[in-house]
Ligand code: C5P
């Protein structure tokens, strides 16, 4: 194996995300649902450091409790590194050290960010220089949200959420995230939505009709207008997530009573994302949620996608 003697470690960073709009369509034969979503990358980051090694390993630290994470081959960061090695014929391994700041199993794409940052860190460490399209294809194999963690910014996702088109956006949106002490399984939340739709046949979107991102969301993002975006925030996974974790409803009310323009379940939850009108109100809201013994963090978006950090 070739070691890059001058740079024995590569540091890459990828952001978490909020789905500011998420419409879930029909369940497909592959077990995935047809989606239309608007992603915004936000300033909670996963920092991956990749060191040359003969085999594949991962370890975790950071501001969130990482003690429950798997560090074997089932970990998405290791899967990403192995996939890149297989694709490029690289014969060595990598030791990955990940500093996590995105809530785990929280609906903010932390695992996807690990995978995206690991892909680009290994690509740089190994000198495999995969092109953008090939990287995107590998990312999509790893998970529906991984291509967006690579791309960052603001984007519309269709298909599984992995078919991206950039969306025009300006300005800076201020978020406060209420992080739950428990995680939620994404497949379980989708399954709850399917059960709900079976019980209420009228809610089922006809399979032939593809979900669409509401034009008001695109307009609000283009205008950089938080008030307009707050009015258009929508997530089809919110009702099933609240059904599985009813306590989240009260926290949504608490945030909206303390300055948030609106609150929404992030992705499949249980993290709640509150949109604030400005940075000062976001700080006040964070203080109010913390006073109620909730873990609240601030973030802004949109931010860059996965990239190598040069110090
Ligand atoms: O691709 P990812 O591993 O993030 O997806 C996790 C699970 O979430 C899938 O196995 C599926 O159950 C559900 N999912 C879905 N439709 C999507 C994305 C995810 O049903 N578009």
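Cβ atoms here come from the backbone N, Cα and C positions, even for glycine.
What TrEMBL records for this protein:
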ACT_SITE  17  active site
DOMAIN    75-153  domain 'GHMP kinase N-terminal'
BINDING   103, 104, 105, 106, 107, 108, 109, 110, 111, 112, 113  ATP binding site
ACT_SITE  145  active site
DOMAIN    218-291  domain 'GHMP kinase C-terminal'
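All features noted in TrEMBL, drawn onto the structure.
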residue : record           : contacts (Cβ under 8 Å, 6+ apart)
17      : active site      : 39, 40, 41, 42, 108, 109, 112, 113, 145, 148, 149, 267
103     : ATP binding site : 16, 44, 64, 110, 177, 179, 180, 271
105     : ATP binding site : 111, 183, 184, 185
107     : ATP binding site : 184, 186, 237, 241, 265, 266, 267, 268, 269, 270, 271
Per DSSP, three-state class assigned to residue 17 (active site): strand
Shell of the ATP site beyond 103, 104, 105, 106, 107, 108, 109, 110, 111, 112, 113, same chain only (C-beta within 8 angstroms of their C-beta centre): 16, 102, 267, 271
Assigned element (helix, strand, coil) containing residue 111 (ATP binding site), judged by DSSP: helix
Least buried by Cβ count (within 10 Å) of the binding-site residues 109, 111: 111
DSSP three-state assignment for residue 105 (ATP binding site): coil
Candidate with sparsest Cβ neighbourhood (10 Å radius) among 113, 145, the listed recorded positions: 145
